[in-house]
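Below is a structure I'd like to ask you about.
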Amino acid sequence: EEAVFLRKKITLLRAFSLLIGSMVGSGIFISPKGVLKNSGSVGFSLVVWFACGILSMLGALCYAELGTRITKSGGHYIYILETLGPLPSFLFLWAEFFAIRPANSAVVSLAFGRYMLEPFFAPCAAPVSAVKLVSLLGYYTVLTLNSWSVTWSARLQTALSIVKLLALVLIIVPGMMLLAQGHTENFQDAFDRQSLVLDKLPLSFYAGMFAYSGWFQTSFVREELVRPERNIPLAVIVSVITVIVGYMLTNVSYYTVLGTQDVLASPAVAVSFVQRAFKSLISVLPVLVALSCFGTMNGGIFTFSRTLFVASREGQWPPLFSMIHIRRHTPLPAVMLMFPLVTAMVCIGDIYHLMNFFSFSRWLFIGLATLGLIVHRRRHPELHSPFKVPLFVPVFFTIVCLFTVAMSFYSDPVNISIGCTMVLSGFPVYYLIIHRQMSNRCRSSFYYLTHKLQLLLEVVQQEIKTY
């Protein structure tokens, strides 16, 4: 009885909550170990955290301009498609679907399961099988919610963003109190150069940037934003500054309470922190951290489903995934598609190997997207953009991304080579399926299957263009 399309339901507050909820997730609670291990010392690790925050701000400003110049949803995918062409955009989509997104979701899900179970098994480590089971249950819960309602997913994200900030405050306050009392012994020889290994620095940046990742999330839902020209830059700037300040204080608090050996030895840094500094919260903080990871899972599913939705609409993904449920007005097929791959990666994966595995592909394509901003400016000098950054910002950010990607081959050649192979495997798929047209027989069989699935899922094509 009414038109079927994705409604504009994301206000400025919800955009801010989406960004905070996506950035403050598992990263700040698991990445300190990876940053410290690969940077070598407390001082250099804090420099890496601050540098990652500045880089995230530069990247976020580039994406804010792209979001005001290109009016479609889809994030990295649509920016690469509109600026660099169909082949690199398909390679991104291929890597994102088979490597980047499932590995990222698996990392966050495993962190959720680990923190959820830690209070019940402390001081022992939780059984791996139990962690993976709880991780999958959490992921499936978020998947169901995103299939059911856009409004409730957005409301949950807002509520969990408050929980995330509360978890950070509970870590920052006791650490700052100890620091004010003169407990600075863990910062002696903070910049010990003997432990610095330059070829490991890209991996420390990967761990740090993973913690900040999420600053690009509003670009995935651009068509559902209220007043995007105003709200995208505003939400991006406020949220990234908030997270930089919060992360720096949190890391200082970690190091004030825990020594470097304790951070490196801990499978869950926040739990070790509470055991040492604030035992009265031993059963509370891990649950808050788990809810923080839950919010990151929710934001990831919410945004990536829009990438598949837009890719299907652009003809580079099966048409079923550009369809919307007739009553729920959610992109149901796109939401459900990640179910099998995330399940597999949670069952077989390890957090830190998965992090290096997907970080290569993610930062390669983010660098290409900001390169696309430079290309788009040169091609369309007449295009007025309500938000514009100085040219050196996308140039510098692109160079840093591509240089870090290149250096990572020396740091972790095995996982990075697997990620590179995954990207390159998209070439034959593109030329065999996308570039060449299917035969009439294959096309008719494909549309018959799509029609049956459409009836089963009760989904139809979007009826109104919102871009």
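Glycine is no exception: its Cβ is also placed from the backbone N, Cα and C atoms.
So TrEMBL lists these for the protein:
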TRANSMEM  12-30  transmembrane segment
TRANSMEM  42-64  transmembrane segment
TRANSMEM  76-100  transmembrane segment
TRANSMEM  120-142  transmembrane segment
TRANSMEM  162-183  transmembrane segment
TRANSMEM  203-221  transmembrane segment
TRANSMEM  233-257  transmembrane segment
TRANSMEM  277-297  transmembrane segment
TRANSMEM  332-354  transmembrane segment
TRANSMEM  360-377  transmembrane segment
TRANSMEM  389-410  transmembrane segment
TRANSMEM  416-434  transmembrane segment
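Help me picture these features in the structure, burial and contacts included.
Residues 63, 66, 70, 216, 219, 304, 307-308, 310-311, 314, 316-317, 337-338, 341, 357-358, 361-362, 365-366, 368-369, 371-373, 375-376, 379, 419, 422-423, 425-427, 429-430, 434 of the same chain sit 6 or more residues outside the transmembrane segment (76-100) yet have a Cβ under 8 Å from a Cβ within it.
Packing against the transmembrane segment (120-142) from elsewhere in the chain are residues 105-106, 109-110, 112-114, 267, 271, 275, 282, 290, 293-294, 297-298, 301, 339, 342-343, 346-347: each is 6 or more residues past its ends and has a CB under 8 Å from a CB in it.
Within its own chain, the transmembrane segment (203-221) has Cβ neighbours under 8 Å at 10, 15, 18-19, 21-23, 25, 27-28, 31, 33-39, 45, 48-49, 51-53, 55-57, 59-60, 63, 66-67, 73-76, 79, 104, 107, 228, 231-232, 235-236, 239-240, 243, 247, 296, 299, 302-304, 306-307, 355-356, 359, 362-363, 366, 404, 408, 411-412, counting only residues six or more beyond its boundaries.
Within its own chain, the transmembrane segment (360-377) has Cβ neighbours under 8 Å at 59, 62-63, 65-66, 69-70, 76, 79-80, 82-84, 88, 92, 95-96, 99-100, 104, 206, 209, 213, 216, 383, 391, 394-395, 397-398, 400-402, 404-405, 408, 415-416, 419-420, 422-423, counting only residues six or more beyond its boundaries.
Note on the transmembrane segment (389-410): residues 55, 58-59, 61-62, 64-65, 199, 201-203, 205-206, 356, 359-360, 363-364, 366-367, 370-371, 373-374, 377, 416-417 of its chain, located 6 or more positions outside it, place their CB under 8 angstroms from a CB of the stretch.
Distant neighbours of the transmembrane segment (416-434): 86-87, 90-91, 93-95, 98-99, 315-316, 356-361, 364, 408-409; these residues of the same chain sit at least 6 beyond its ends, with a Cβ under 8 Å from one of its Cβ atoms.
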Do the transmembrane segment (162-183) and the transmembrane segment (42-64) come close, with at least three CB pairs under 8 A (pairs 6 or more apart in sequence)?
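Since fewer than 3 Cβ pairs under 8 Å link them, the transmembrane segment (162-183) and the transmembrane segment (42-64) do not come into contact.
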